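Student: Got a structure for you, written out below as structure tokens; questions coming shortly.
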Amino acid sequence: MTKIAPSILAADFSRMGECVTSLEKAGADWIHVDVMDGHFVPPVTFGAQMVEAIRPLTSLPIDVHLMVEKPSNQIAAFQQAGADLLSVHVEAEVHLHRTITAIKDAGMKAGVVLNPATPAALVEPVLSEVDLVLQMTVNPGYGGQTFISSTLKNIARLRQFIDEHQLKVEIQVDGGVDVDTGRLCREAGADVLVAGSAILKTSDWAKAIRHIRG
Ligand SMILES: O=C(CO)[C@@H](O)[C@H](O)COP(=O)(O)O
Ligand SMILES: [Co+2]
């Protein structure tokens, strides 16, 4: 079954704790935490302290999407905060293999992330080393953007590569995901759908999660 990872970037930050517990009750599979440093992407959001704050409130896996210039500097802090999965952008990390190994050595699952214009071939050499590959379906930095359909080709290519090589890697998609675009991503081979606005900006989160899951 397709997993749903609501992004807390779309939450009311003054009620973050309640938001996380409500998402768990509404049927979320993972909690997606968007970390932005003001360099890799223009906005600054939050860091490991946010994970530390929400960790005691949920038993769901905490899925951290690092949009930072130096992901390797963040590994220890997120491990100590209780993150389950740490994903790094291929565009931000020259020493991708080393950083993936360091994340796994720290006891977390490791993910690699591709921007919409980055060829899928760039992550193929490390796919046997990771637990997850995240295809961005918008340019990173902001919630509430429009889904970029050309990314579906990358999702299908990743699906084919993973199946052909019989790898245990989940394909996650992130950005502009709603009921319609979520269906296209599932059909292209995605396993995990991140959705911010399409869940948190509605009045019935459980219904939104059910419908996006399909
Ligand atoms: O990583 C990001 C944005 O950079 C995402 O996780 C967004 O937070 C998703 O928000 P919606 O597009 O679903 O509103
Ligand atoms: Co994200």
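Each Cβ is built from the backbone N, Cα and C atoms, and glycine gets one as well.
So TrEMBL lists the following for this protein:
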{"type": "BINDING", "residues": "Ser7, His65, Gly141, Tyr142, Gly143, Gly144, Asp174, Gly175, Gly176, Gly196, Ser197", "note": "substrate binding site"}
{"type": "BINDING", "residues": "His32, Asp34, His65, Asp174", "note": "divalent metal cation binding site"}
{"type": "ACT_SITE", "residues": "Asp34", "note": "active site, proton acceptor"}
{"type": "ACT_SITE", "residues": "Asp174", "note": "active site, proton donor"}
Student: Taking the Cβ of Gly141 (substrate binding site) as reference, which residues of that chain separated by at least 6 in sequence fall under 8 Å from it?
Tutor: Met36, Val41, Pro42, Pro43, Met67
Student: Neighbours of the divalent metal cation site His32, Asp34, His65, Asp174: Cβ within 8 Å of the Cβ centroid, same chain, sequence order.
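Tutor: Filtered neighbour residues, in order: Ala5, Ser7, Leu9, Val33, Asp63, Val64, Ser87, Leu134, Val194, Gly196.
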Student: Can you tell me the CA-to-CA distance separating Asp174 (substrate binding site) and Asp34 (divalent metal cation binding site), as a whole number of Å?
Tutor: 10
Student: Determine the binding-site residues, out of His65, Gly143, Ser197, lying near ligand 2 in the sense that the CB is under 6 Å from one of its atoms, and give them in sequence order.
Tutor: His65
Student: In whole Å, how far does the CA atom of Ser197 (substrate binding site) lie from that of His32 (divalent metal cation binding site)?
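Tutor: That comes out at 13 Å between the alpha carbons.
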Student: For the substrate binding residues given in the record (Ser7, His65, Gly141, Tyr142, Gly143, Gly144, Asp174, Gly175, Gly176, Gly196, Ser197), what is the largest pairwise C-alpha separation in angstrom?
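Tutor: For the residues that bind substrate, the greatest Cα distance is 17 Å.
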Student: Could you check what DSSP calls Ser197 (substrate binding site) once collapsed to helix, strand or coil?
Tutor: helix
Student: These are the binding-site residues: Gly143, Gly176. Which one scores highest on other Cβ atoms within 10 Å?
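Tutor: That would be Gly176, with the highest Cβ count within 10 Å.
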Student: Under a three-state reading of DSSP, tell me whether Gly176 (substrate binding site) is helix, strand or coil.
Tutor: coil
Student: Other than Ser7, His65, Gly141, Tyr142, Gly143, Gly144, Asp174, Gly175, Gly176, Gly196, Ser197 themselves, what residues in this chain have Cβ atoms within 8 Å of the centroid of the substrate site's Cβ atoms?
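Tutor: So the additional residues around the site are Leu9, Ala10, Asp34, Val138, Gln145, Val194.
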Student: Taking only the Cα atoms, work out how far Ser7 (substrate binding site) lies from His32 (divalent metal cation binding site), in Å, as a whole number.
Tutor: 5
